[in-house]
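Structure, as structure tokens:
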Amino acid sequence: MNRPTKLLLISLATSIVTISALIILTAPDGLIDGLIQIELPYLLLAAALHITGWILWTAKVNILAKASEMPLKFNKTLKIVLTSSFAAAITPSYAGGEPVRLWLLSREEKSSGGVASAIVISERAMDIFFLIIIGTISLFVIGEQFTEYISLQITFTFIAILFLTGAVGFITSLLKPQLIKKTLKTLCKPIEKIRPGTNKQINREIDSYNKILWKYIKNKKKHLLIASTLTIGIWIIEFTIPYIILIGLGLEINLLIAWAGYALLMFLVMIPTTPGSSGVAEIGASIIYSTLVGAAYIGIFVLLWRTVTYYLDLLIGGITTSIMIKDITKIEEKIKNPLKKPDNKQTNENKLK
């Protein structure tokens, strides 16, 4: 059994066992009676919102690709987004999504590792910036209710370190690309001995990445504004899904409180633990939302929330991955080495798609 398949099975098993335990503890009438409590229109709306999130994410990647002067059709971008969602869902802290998306984008016409890196880093920088702002606000809104579980001082310190690290890295890549090159040259010495030419490839991609970022800043402000607006839309949708499900279960909660709870949950699942943060996400959601709305049906809520988000990503993303990559074992290879150049056969096949 290959490693990606093992990760998928571990992720599913951990999630199912955790949710089963939560349902046993919080739904005394059982699974079926608990599921009956949800009003179907609310569940369908939650699923529709998540699918809409895919569309907005696709539009975001597509607009950044246009800013990079990389021709990319919307349906192809959607396939890239769904494939990277699947990779993210089977790796700790969703870390596998970016390398796979980077690899798929780098294969496109008029693209390169540097261009793909600029797109992926730009879109993720927007996500992190938004989450840090919302996460900080959320701590002020509901932080006192979680002092039993978290230290606000430690959390604020973590957020500050995350923000500063990202900001310093991003600014350095813009203003001092030579420093990045020197650092990577030192780190990649063992690889250079095994694969001569690695440093030249890395330097070439860094130059391309730096050139594209400056193009965004100087000449593509409109594209950045649209991408930033789409980022806000994506996260508003994802933050609203738990609220819709809770309301559908007949549980009362303020929309802003539900958003604040989800922001805290997002920081929790960023911790690299299990594939797809399985177990961590379920337990975290149960603690956060049971604190906010009570324990009644919280296991059913977690099941429905993971179904319309995580399981839907696995299902649709898995199908798309089988179409885009065909061999799931390549997922692991591209997570480890996303900028490896495809051979001529792969390139020709890609152009025919």
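Backbone N, Cα and C define each Cβ position, glycine as well.
Here the structure is a predicted model, which means the values were calculated and not measured.
According to TrEMBL, the protein has these features:
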type: TRANSMEM; residues: 7-28; note: transmembrane segment
type: TRANSMEM; residues: 40-59; note: transmembrane segment
type: TRANSMEM; residues: 125-143; note: transmembrane segment
type: TRANSMEM; residues: 149-175; note: transmembrane segment
type: TRANSMEM; residues: 224-247; note: transmembrane segment
type: TRANSMEM; residues: 253-271; note: transmembrane segment
type: TRANSMEM; residues: 283-304; note: transmembrane segment
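Counting Cβ pairs under 8 Å to the transmembrane segment (40-59), the top-ranked stretch among 7-28, 125-143, 224-247, 253-271, 283-304 is 224-247. Within its own chain, the transmembrane segment (253-271) has Cβ neighbours under 8 Å at 93-94, 131, 134-135, 137-139, 141-142, 146, 155, 158-159, 238-240, 242-243, 246-247, 277, 280-281, 284-285, 288-289, 292-293, counting only residues six or more beyond its boundaries.
Using a Cβ-Cβ cut-off under 8 Å and counting only residues 6 or more beyond its ends in the same chain, the transmembrane segment (224-247) has close neighbours at 38, 42-43, 45-46, 49-50, 52-53, 56-57, 59-60, 63-64, 67, 122-123, 126-127, 130-131, 134, 216-217, 253, 255, 258-259, 261-263, 285, 289, 293, 301, 304-305, 308-309.
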